[in-house]
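What TrEMBL records for 1-24 is signal peptide. Residues annotated as heme c binding site in TrEMBL: CYS147, CYS150, HIS151.
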Amino acid sequence: MNKLTITAVTTALLSFGIAGNAMADKHAFNDAESAVEYRQNALSIMRDNFAAMGDMVKGDVAFDAAIFQQRAEDFARLSHIPWAGFSVDGAMPGDNTDALPEIWDNWDDFKQRTVDFTADAEKLAEVAAGGSLDDIKPVFMAAAKNCKGCHDNYKD
Ligand code: HEC
């Protein structure tokens, strides 16, 4: 690794640290299709974790605090991932996406929703660490509101 590469890597790491919010704008995608696939895959695996917690909240599956906590931690981490797949030019709606063009017309609102959502996901992980199901329920429901709110506006 030459000096220039080391500097570039350090700069990249530093700027990631500073700008490490919900919307990481610096991902590179080869084309719009790969951005769409990336965000859909990320949303799916995020949903799998949320649904597993939902089963316990609804009482369909017995509440297990350790499993819930693991799911909540994974969910909080995953809540940051999908949004980079919306940030590229050209990742506009097409046949393979349910994303609506309104996202890019209302970018600041969409971005704010991702920030609010990740904050709620992190609150859920916090309360899941040692919290009872009664403590967890309202925080889970608050996180769930983000899904519907955003889908109603920006998903086909
Ligand atoms: C900030 C907006 C936003 C939030 C918050 C959000 N979503 Fe979505 N979601 C979208 C959009 C837009 C799409 C369509 C993506 C596409 O098809 O390109 C989508 C698609 C999906 C998909 C389909 C992925 C696929 O395979 O096509 C699932 C599942 C999903 N969301 C689950 C959730 C769940 C569960 C939550 C809450 C825990 C959530 N989303 C929160 C905007 C959001």
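Positions of Cβ are set from backbone N, Cα and C atoms, glycine also.
Those TrEMBL annotations? Automatic predictions, nothing curated.
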Quiz item: For the recorded heme c site formed by CYS147, CYS150, HIS151, which further same-chain residues have Cβ atoms within 8 Å of the site's Cβ center?
Solution: ASN146, LYS148, GLY149, ASP152, ASN153, TYR154, LYS155
Self-check item: Same chain, 6+ residues apart, C-beta under 8 Å of the C-beta of CYS150 (heme c binding site), given in sequence order
Solution: PHE110, ARG113, PHE117
Quiz item: Including all protein chains shown, what's the count of other C-beta atoms within 10 A of the C-beta of CYS147 (heme c binding site)?
Solution: 15
